[in-house]
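Novice: What follows is a structure written as structure tokens; I'll ask about it next.
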Amino acid sequence: MTFKSGFVAILGRPNVGKSTFLNHVMGQKIAIMSDKAQTTRNKIMGIYTTDKEQIVFIDTPGIHKPKTALGDFMVESAYSTLREVDTVLFMVPADEARGKGDDMIIERLKAAKVPVILVVNKIDKVHPDQLLSQIDDFRNQMDFKEIVPISALQGNNVSRLVDILSENLGEGFQYFPSDQITDHPERFLVSEMVREKVLHLTREEIPHSVAVVVDSMKRDEETDKVHIRATIMVERDSQKGIIIGKGGAMLKKIGSMARRDIELMLGDKVFLETWVKVKKNWRDKKLDLADFGYNEREY
């Protein structure tokens, strides 16, 4: 039997459901999610393998007009995937009209010479007539290889989209072992799970001002627990105070919620220590960006 494989980028504006889609396909969380725009900062690889195929999905940061060096990194990281994939899933929301951000992405896709499948997500939120109008609007902007409406949250039509990708794969190698689901190390996934809880529990500028660094991660032979020390980086003293909370209550809640997800991922009991440090204006300093895992080697 012929084995098929290929690389697929998931592109779109912030908050259109790219990570929700990837997690649904993979059957577990490998990309963090929140209702905050620009939740995904790094390219996240999800490796979907069956006995006949391997589809390597690359979930990218939401493409937006950057205001910081971190924003520049995120947008360039997203566009760089166009150089390394066989197919692009361009995801748009069914419940929002096409905007300037979509048009900007479409112009880049036209120049990329890569087959593009339009994925219209969040179909559970709109009337069928609105969905058809949305599809017609995008169809007039460029030639798509396929147009597939889905609900990533509810799973509607997701398996059909995977089947379409499979049908269009070429014969190829199995690039990764069958049991590997991502290329990111455990430390990265741990840091993302802590950051996800900060996103869920804070508001305004704080979610965008936070980075998480895992300082150490090792098993304690006496307790048989994985001991993790993680530092939450912020840009201002006022942000540090909010994340710590009254009597340390907020930091404790962040740690408790993150620990549960980390234990599920690792399949081990975890002892998680979290600290908060101030690093002023880190989002505009390339050395700090590199230290916190946002470096140009990604693209």
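Cβ coordinates come from backbone N, Cα and C, glycine included.
I grabbed these lines from Swiss-Prot:
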- 4-171: domain 'Era-type G' (DOMAIN)
- 12-19, 59-63, 121-124: GTP binding site (BINDING)
- 12-19: region 'G1' (REGION)
- 38-42: region 'G2' (REGION)
- 59-62: region 'G3' (REGION)
- 121-124: region 'G4' (REGION)
- 202-280: domain 'KH type-2' (DOMAIN)
Novice: Going by DSSP, how much of the region 'G1' (12-19) is helix, how much is strand and how much is coil, in residues?
Specialist: 2 helix, 1 strand, 5 coil
Novice: Kindly state the mean pLDDT of the region 'G3' (59-62) in the predicted structure.
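Specialist: On average, pLDDT over the region 'G3' (59-62) sits at 72.
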Novice: Go ahead and report the DSSP secondary structure tallies for the region 'G4' (121-124): helix first, then strand, then coil.
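Specialist: Breakdown, helix to coil: 2 helix, 1 strand, 1 coil.
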Novice: So, three-state DSSP: helix, strand or coil for T60 (GTP binding site)?
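Specialist: Coil, per DSSP.
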Novice: Mind giving me a neighbour count for G12 (GTP binding site)? Other Cβ atoms within 10 Å of its Cβ, every protein chain shown.
Specialist: 25
Novice: I'd like the number of other C-beta atoms within 10 A of the C-beta of T60 (GTP binding site), please.
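Specialist: Result for T60 (GTP binding site): 24 neighbouring Cβ atoms inside 10 Å.
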Novice: Which residues of the same chain, at least 6 positions away in sequence, have a Cβ lying under 8 Å from the Cβ of I123 (GTP binding site)?
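Specialist: The list for I123 (GTP binding site) reads A94, L131, P149, I150, S151, N156, N157, given in order along the sequence.
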